[in-house]
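Heads up, the thing below is written out as structure tokens.
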């Protein structure tokens, strides 16, 4: 049957963003990213991925005579790729451009095998032709209908989609919903990596290259279990094999069936490996199943959401679905923003599904973010925007395209005055006092400093540059002087006999009483349950030091947990890992493993295996979790004073307090500085180390709040203050625990130091050790070399591969880690380092360095790692409930999409199928081959070695046999790590998208700290063409 021509006309009118052709039983859907006409790229690596969508009947938990995984319906959907160079792109046109000429690939829908009662499958696309906050329209297409092609362009058109034959990339992953079961079947070729998310309680990770399948129970502190812990899998992946994984739930039991086979020989292969896991009774039911896949060669990430149950009203579910299809990673924030933009009353039914905090702050949220700014802030923002618009030669074009800086001789009188006025405003709003100490430069000095910084950040967008122009160093006459007094580290001696300082001798002195006390402490600790939770800041503020010590009689009452430190000697024999898996996981007589009991067993075994979506073995950045205690720790500014050792030590101490449940209270750096026994004149000019930090606090038995004794580097020379009764003591009864000196580290009371030179032939062990410490204590202290390597203009956005030096001169902190792909196509890993040179230095005070650095370095960039060994005492930590009520919209960790792509990425230097033994080595630090970037000395290294990867994210929502699609294009995959990105801006008019995105970028710094940045941007925009809730 042929579709009427007028039917095509109606489609074109209603769906201006999509070009839909039906011919016989063929349906083609092409969607633009968020409604903008941005010349979506389709190159020779285009891939057509195939999906098996099964009937989703209502009899979901009942047994069926039908074979699990049998399919009723096959659909094939088109996928697009993003080439390495967007300049050489092939244009995909929307329906509004169909007259200009385009050809398309087809989507094939077959109806073979459908029962008489099976409803027609509807394919629809997330429409961008709606007003902000409106719901998506859906498009139904008869399976056997077609339209005349008379209105369609021919293949000879000058703007065809495929200008040449497009080779098909082998399909890696297919997935489909099971009929009559709550579950999915996933099939593909061995070597791929995918995830299955049973929303909202269980995540399944499948690294098929190594036949590794892991379960993560989100209801039980993210306890992760490997399916081989029950016993080795009989079905192993190898080159040329395919796999099938069936996941389904029956009667509160999660069933996994795993099978590998040669192509076309599935029926001849061995029996499947079967695993069963008992799921406890949970407040919220499973609502959907999501399958995450990636094709690194095609530059595509795909997310499929199979709806199995809706537990919220249709109106609210439609808003949440709209947020999902536009790529939002924090559905709840997008959901709240939409309600605000739509001006829904608090009595609306959807407000039952937002946080209580949002309800309380309803009126406050509707106030513009910038209303809290002082007049000088307004003027400074305007001045920065003016400078950025004039400093580039092509100021009339969009900012991101113009990177050619004007020459010094091009400075006119007006622009020179603008630069001088900018520095005066910066001096007024700066609280560090830097510009009070240094001489301000003239217009030429400011221009030279500014252009030097901009050249180091040539690839950054306007959001980043607006922040960089708040770095006070730009206004200093002799800018290289800015860093001179910021370095202040001297290495401690290794033993009392070699000690040249009183602090070293003091902390190396101990007696039998010390050892006995430490031994007793450790013995007691081994009998208690470890609980290293990040405690939310709102609860933390109710804690004070009076509740550090509770009645010993309450320890085993079952209602509380007590937090202790643990023995770091475990590293010497790796017992922290051996103890975890020394015996197989026990199952009941029916072969079922209880997930809740397993999670409790893990927590009792070791504190190191406290998993978190913001900090696990592959990725860690707790500052991304804005509800955590650690995220409340601010970036410090040490000023023109060499007290880096104090700031690195106090951050480490504060993260330990957070990890032990004490909450975050900012401690006074000035108190430590002024209670030093050194001469006042030497405190800023001569360096020291964390040993002195511990000595001072152990002697004084006191550490006040920052608000009690505020820091100013100009005051770092006063006498040690007298202690008013009103001051809070953060040190309390803290004890320094002794750790004996062994072959590869220095042990002092409360202090352990590892030098990387001792691990030169075993960096895997060093990396593993540091990761565990960061997981357990929140951070570690590091010694690094900064002279001739790091300056005021250092770009912290990328990853740097740098050598170290024999003698470090600066102390900082490792606060996280992760993986990346370098410009050579190698898989690498990085450390996330926090400095104390202000929020506007680096990347919001941080920077990233490659873990191993270049080849043939004499010294690693991390010279030494230090961590404290303290007994903070016992504290009362209420047990967490297994699930929070009214949490309807979960969010993944920021690294979720990146790690999905990373694990599917095949290094360009090695495409071979790796053996199972290779998995152990790759798992330690994620590196493929050694990098040889930069020079041996690591001098003047500013260029990032990280590869810029463009990504297309395809999102599919399958509900009631209907498929809705959304597309989001990212110019850099690192954008997927950000909670907010302007790439997700939605435009009502395709031609307005660039305008909407530019407005988002320009105004982002004004709205980023608002409770709802999307609502703030909408309020500032005033127009009706843009929807910012998806950012």
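Any Cβ shown, glycine's included, is placed from N, Cα and C.
The following features are taken from Swiss-Prot:
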type	residues	note
ACT_SITE	644	active site
ACT_SITE	810	active site
ACT_SITE	835	active site
COMPBIAS	91-101	compositional bias 'Low complexity'
COMPBIAS	104-139	compositional bias 'Polar residues'
COMPBIAS	140-158	compositional bias 'Low complexity'
COMPBIAS	492-505	compositional bias 'Low complexity'
COMPBIAS	511-535	compositional bias 'Basic and acidic residues'
COMPBIAS	554-564	compositional bias 'Low complexity'
CARBOHYD	74	N-linked glycosylation site
CARBOHYD	120	N-linked glycosylation site
CARBOHYD	449	N-linked glycosylation site
CARBOHYD	544	N-linked glycosylation site
CARBOHYD	573	N-linked glycosylation site
CARBOHYD	674	N-linked glycosylation site
CARBOHYD	929	N-linked glycosylation site
CARBOHYD	974	N-linked glycosylation site
REGION	91-163	region 'Disordered'
REGION	490-567	region 'Disordered'
SIGNAL	1-24	signal peptide
One should report the C-alpha separation between residue 810 (active site) and residue 644 (active site), rounded to whole angstrom, as 7
Closest by Cα to residue 835 (active site), out of the recorded positions 449, 644, 674, 974, is 644
Rounded Cα distance, in Å, between residue 449 (N-linked glycosylation site) and residue 644 (active site) is 24
Other C-beta atoms within 10 angstroms of the C-beta of residue 974 (N-linked glycosylation site) total 18
Reduced DSSP state (H/G/I helix, E/B strand, rest coil) at residue 674 (N-linked glycosylation site) is helix
Counting every protein chain shown, other Cβ atoms within 10 Å of the Cβ of residue 449 (N-linked glycosylation site) number 25
Min neighbour Cβ count (10 Å) across recorded positions 674, 835 flags 674
CB neighbours within 10 A of residue 644 (active site), counting all protein chains shown, number 27
For residue 974 (N-linked glycosylation site) and residue 674 (N-linked glycosylation site), the CA-to-CA distance in whole Å is 42
Taking only the CA atoms, the spacing between residue 644 (active site) and residue 674 (N-linked glycosylation site), expressed in whole angstrom, is 14
